[in-house]
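According to TrEMBL:
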type	residues	note
TRANSMEM	12-32	transmembrane segment
TRANSMEM	52-73	transmembrane segment
TRANSMEM	80-97	transmembrane segment
TRANSMEM	152-170	transmembrane segment
TRANSMEM	176-199	transmembrane segment
TRANSMEM	220-244	transmembrane segment
TRANSMEM	250-270	transmembrane segment
TRANSMEM	282-305	transmembrane segment
TRANSMEM	311-335	transmembrane segment
TRANSMEM	347-370	transmembrane segment
TRANSMEM	376-395	transmembrane segment
């Protein structure tokens, strides 16, 4: 049976403002993400090894997210969410003020990352808080679909602007193109800030724990370690494989991201529905088994196929990778299922982000070094092995009675 928004969300809650913010955030993020890797490779001249170093610093806010939440423990979830949007807006605006110096760019990326990692756990928390108890998975699916719809718009705008600038005679690495995209992204994120500021505060007082490690969440924390490694390899090095190995420009990267996001709109609600129907355990195990195939083609397509065919295979692989990564929402539902309160959900998710960022930072540094010294084959073989470990560990989860 198809459920309407009224069936998913609790009576009386104003979910439209929240979903509007998610949509605007998605557009702004799509614009930014669509050019990020080409900006680093072509304008800032970041090598594959240096890309890992950049990611090391960019991920530090994720590692410190529990401390960040601790400093704001007296504030409501909605207010902290607003602060995250402020960081995102300031970060995007700062790209217009700095040049292409590596240190300056890294500092601005860290500022943007601060907002991103504040919003990340709260996006799920607020979404599930607005939903009925039995439709948490569907609410996460709707939120994810809105985010993906926004990102598609942003990615398509990047491709369209790239095409226009190319027709006007600008080269693929002309700084004006990147500055225009950053300006547009900043304007849209500023609009999201305007929309989110009047959002109603929670009426209940939230005493957010500074750190939260409970025995019942031990499996979740371990799963976050595996997810952190998988996420880092995909986000950091998959686009760089396309750019450095196959020469993909910003229009190709953003178009691939748009296609991935389009599939996300379809698969986000479906995966959310599957989680509610078959359970989070089956989803956790299945998606990482598919990941092994994805990693194989990332690492070895250029050795199996001619260059043009290998490029198409890796592009298809990129989209498949993005689709299976959507299943990570299953861990959020798992936490909600065993948590005692909404506060415990937030504390656990934010602590989980810090846990997965410990391995993320390590993978960022080691990944660039492994690529430089041994090649992408070894890098993605290691990622596949971690995926197998994730599946084995997820299979040990027992649903509470």
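In case you wondered, yes, glycine gets a Cβ from its N, Cα and C as well.
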Comparing 52-73, 152-170, 220-244 for Cβ pairs under 8 Å with the transmembrane segment (250-270), the winner is 152-170
Which sequence-distant residues neighbour the transmembrane segment (176-199)? Criterion: at least 6 residues beyond either end, Cβ under 8 Å.
14, 17-18, 20-21, 24-25, 27-29, 31-32, 34-35, 39, 43, 78, 81-82, 85-86, 88-89, 92-93, 95-96, 154, 157-158, 161-162, 165, 170, 250
Top Cβ-contact partner of the transmembrane segment (376-395) among 12-32, 52-73, 347-370 (pairs under 8 Å):
347-370
Which residues of the same chain, at least 6 past either end of the transmembrane segment (80-97), have a Cβ under 8 Å from a Cβ in it?
21, 25, 28, 32, 69, 72, 108-109, 111-119, 122-123, 126, 179, 182-183, 185-186, 189-190, 192-193, 196-197, 199
Which sequence-distant residues neighbour the transmembrane segment (220-244)? Criterion: at least 6 residues beyond either end, Cβ under 8 Å.
37-38, 41, 48, 51-52, 55, 59, 213, 252-253, 256, 284, 288, 291, 295, 298, 311, 314-315, 318, 321, 325, 328, 331, 334-335, 348, 351-353, 355-360, 363-364, 367-368, 371, 376, 379-380, 383, 386-387, 389-390, 393-394
Are the transmembrane segment (311-335) and the transmembrane segment (52-73) near each other by the rule of at least 3 C-beta pairs under 8 angstroms (pairs 6 or more apart)?
no
Using a Cβ-Cβ cut-off of under 8 Å, list the residues of the same chain that are 6+ residues beyond the ends of the transmembrane segment (282-305) and lie near it.
223, 226, 230, 233, 238, 241, 245, 271, 274-275, 313-314, 317, 320-321, 324-325, 327-328, 330-331, 334, 376-381, 383-384, 387-388, 390-391, 394-395, 397
